[in-house]
């Protein structure tokens, strides 16, 4: 028989280990990052968990942005919401009005962790800040903007300069026709058509998308993207479509795959698509700025962000919120934010991450990697080009998709389609306005 004191010591050690295991606070994190992006999310969580053994971030892919938002709100009503929910930028007004969230500045304050809100790039943080207090409601994470990807090898074959992507939409139409004539299957395709062809087109060309400074100044905003400039742009795409120089391939990021598999020579897509393009493209490619309308006065202006931020959900205990604050602080550290930016193509969300990336020589070694950032900082944003804050915006995007599809199929003129989209969208805005006052 073993001596009693050894047995007692072993028992005490075992109980201590069990206690430590039980003390680990699990923090569910629902997101919409798949493929290479999902792998990087997992990597960040694993590193945080290794450095903070009292907490365990559990990332779970819950489908695309719409699916994740719907799932998060639905389970909140049952009391089973995740601690952290990734929500795309147009879900901001919905989250603000949901009463399901705990503002991140409160989370940090209650956890006793210093939180410097000024560290975030203003054009990014402004999208997620309270209009009255200026405090962040959610933490920027995978912020992006739309950029132009182009196949340099296809450019050479078509007799185009592979180092000179089209600067204007008029140039793009001309380039696409030449690419098609050279034998490529698809000259140009676009991802996220509402976000790129109307939301970002408007901001990049110095045009409002909606009144009340795109909704930042009140829920009584009305949509304004059926003006002559936007109608002219959609009409140009319609004409390209008729000629076969513009291919409509889907409502989301389907054009990215069409690009990296070599079908399409050019696409406008999220800067966050760079990770998959870098992984799968078997040809030389370039990253250019979004084209602007050659007839637009003072264009280009500034791009607005897409992507998503991290929202903290209500109803959790103090220890969970402390772990959440530690994780969000971890994500914002320069070395982690810079790595996320460099590996994914999403914007550097903090000034320090941008400076570190530049100091490391990343932009020199990877031409075009700073394109999205330069677009965001091209000019100081106007009151109506800093972003959108419109209720029911996810549903409005669906309406825009439906109406643009009616143009590509020849069922409506650009003016008819945009007028109808504005009319239908305004009905949703009034419904949202009413709900916030009830």
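We number each residue from 1, going along the chain as drawn.
Glycine is no exception: its Cβ is also placed from the backbone N, Cα and C atoms.
Model, not experiment: these values are computed from the prediction.
Here is what Swiss-Prot says about this protein:
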- 65, 89, 144, 270, 307, 346, 397: sn-glycerol 3-phosphate binding site (BINDING)
- 1-23: signal peptide (SIGNAL)
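Features recorded in Swiss-Prot, as mapped to the structure shown.
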residue : record                               : DSSP class
65      : sn-glycerol 3-phosphate binding site : helix
89      : sn-glycerol 3-phosphate binding site : helix
144     : sn-glycerol 3-phosphate binding site : strand
270     : sn-glycerol 3-phosphate binding site : strand
307     : sn-glycerol 3-phosphate binding site : strand
346     : sn-glycerol 3-phosphate binding site : coil
397     : sn-glycerol 3-phosphate binding site : helix
- line: Pairwise CA distances across 65, 89, 144, 270, 307, 346, 397 (listed as binding sn-glycerol 3-phosphate) top out, in Å, at 22
Query: Among the binding-site residues 65, 346, which residue has the largest number of other Cβ atoms within 10 Å of its own Cβ?
result: 346
Query: When you measure from the Cβ of residue 307 (sn-glycerol 3-phosphate binding site), which residues in the chain that are at least 6 apart have a Cβ under 8 Å away?
result: 88, 89, 141, 142, 143, 144, 270, 272, 346, 347
Task: Check each residue in the chain of residue 397 (sn-glycerol 3-phosphate binding site) that is at least six apart in sequence and keep those whose C-beta is under 8 Å from its C-beta; list them in sequence order.
output: 90, 194, 195
Query: CB neighbours of residue 144 (sn-glycerol 3-phosphate binding site) within 10 A?
result: 25
